[in-house]
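Working notes, beginning with the structure itself.
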Amino acid sequence: MSFSASVLTLYPEMFPGALGVSLAGRALEAGTWSLEAIQIRDFATDRHRTVDDTPAGGGAGMVMRADVLAKAIDHSSPPGDPRPRLLMSPRGKPLTQVRVRELAAGPGAVIVCGRFEGVDQRVIDARGLEEVSVGDFILSGGEPAALVLLDAVVRLLPGVMGNTVSGDEESFENGLLEHPHYTRPQEFEGRQIPEVLTSGNHQKIAAWRRAESERLTKERRPDLLAAQPLVK
Ligand code: SAH
């Protein structure tokens with residue numbers, strides 16, 4: 001069974017978008033994963049195909065209706081569908097590489113993309129939507145967030161990345177940011193590649209990379225160190 005993504009959106013034309021090219025695009029063509037973009041508006045019942053309404057209690061903007069969204073969810077993810085149901089949301093749990101790995105190991109995901117001010121709380125509760133954030137900033141809609149999440153997941157699917165070792169050594173995989181990289185030419189605008197990297201001494205190289213990882217993480221993301229004490 002390949003990873004199956006269903007994305008519920010008011011802008012299905014945004015998919016596969018960036019996921020139709022490069023690694024993800026080739027994997028999509030090869031059937032390593034599948035993607036269906038579902039137009040939420042198709043589940044509206046009135047003549048004007050309304051999907052949103054004014055917020056109860058007043059205030060700016062519009063809110064996505066619970067009834068229309070619930071119909072779209074029930075259509076794409078009937079009871080018994082083993083896939084987690086996600087709602088892209090700035091209020092959600094920040095997405096991490098750990099959650100990305102879990103998702104990649106599972107059957108797929110049903111992903112709801114919000115628009116306007118967001119969605120009626122009752123459909124979040126009634127359909128058990130897991131709110132996922134891609135960062136502490138506000139996008140105009142959940143679609144770019146869904147693309148980000150799927151990109152992170154798809155590259156982990158078996159066979160998608162040619163060199164699987166490179167996945168394990170990346171930032172966050174061991175609770176650290178990655179060390180800096182260098183490649184030819186040996187000299188660039190007077191700057192040399194650190195000597196140790198061209199020494200051929202693999203033990204020294206590994207030690208240098210580890211030390212650089214720790215230095216960068218301490219400098220830039222002390223929160224990562226606090227969350228996961230270093231195992232020496
Ligand atoms: N009024 C909301 C923001 C709505 S933005 C608030 O203040 O919290 C509209 C939609 O964009 C959201 O429903 C969500 O689906 C998506 N979105 C915006 N920022 C996001 C983020 N950081 N992560 C994930 N989804 C986001």
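Using the three backbone atoms N, Cα and C, a Cβ is placed for every residue, glycine included.
As recorded in TrEMBL, the features of this protein are as follows:
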type	residues	note
BINDING	G114, V134, G135, D136, F137, I138, L139	S-adenosyl-L-methionine binding site
COMPBIAS	210-223	compositional bias 'Basic and acidic residues'
DOMAIN	6-225	domain 'tRNA methyltransferase TRMD/TRM10-type'
REGION	210-232	region 'Disordered'
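Using a 10 Å radius centred on the Cβ of V134 (S-adenosyl-L-methionine binding site) and all shown protein chains, the other Cβ atoms total 20. Under 8 Å, Cβ to Cβ, and six or more positions away along its own chain, I138 (S-adenosyl-L-methionine binding site) finds P90. Most buried of the binding-site residues G114, G135, judged by other Cβ atoms within 10 Å, is G114. Note on the domain 'tRNA methyltransferase TRMD/TRM10-type' (6-225): its mean pLDDT in the predicted model is 96. Across the compositional bias 'Basic and acidic residues' (210-223), DSSP assigns 13 helix, 0 strand, 1 coil. Comparing the binding-site residues D136, L139 on other C-beta atoms within 10 angstroms of each C-beta gives the minimum for D136. Looking at the residues that bind S-adenosyl-L-methionine per the record, G114, V134, G135, D136, F137, I138, L139, the two CA atoms farthest apart are separated by 16 Å. Sequence-distant contacts of F137 (S-adenosyl-L-methionine binding site), defined by Cβ-Cβ distance under 8 angstroms and a gap of at least six in the same chain, are P90.
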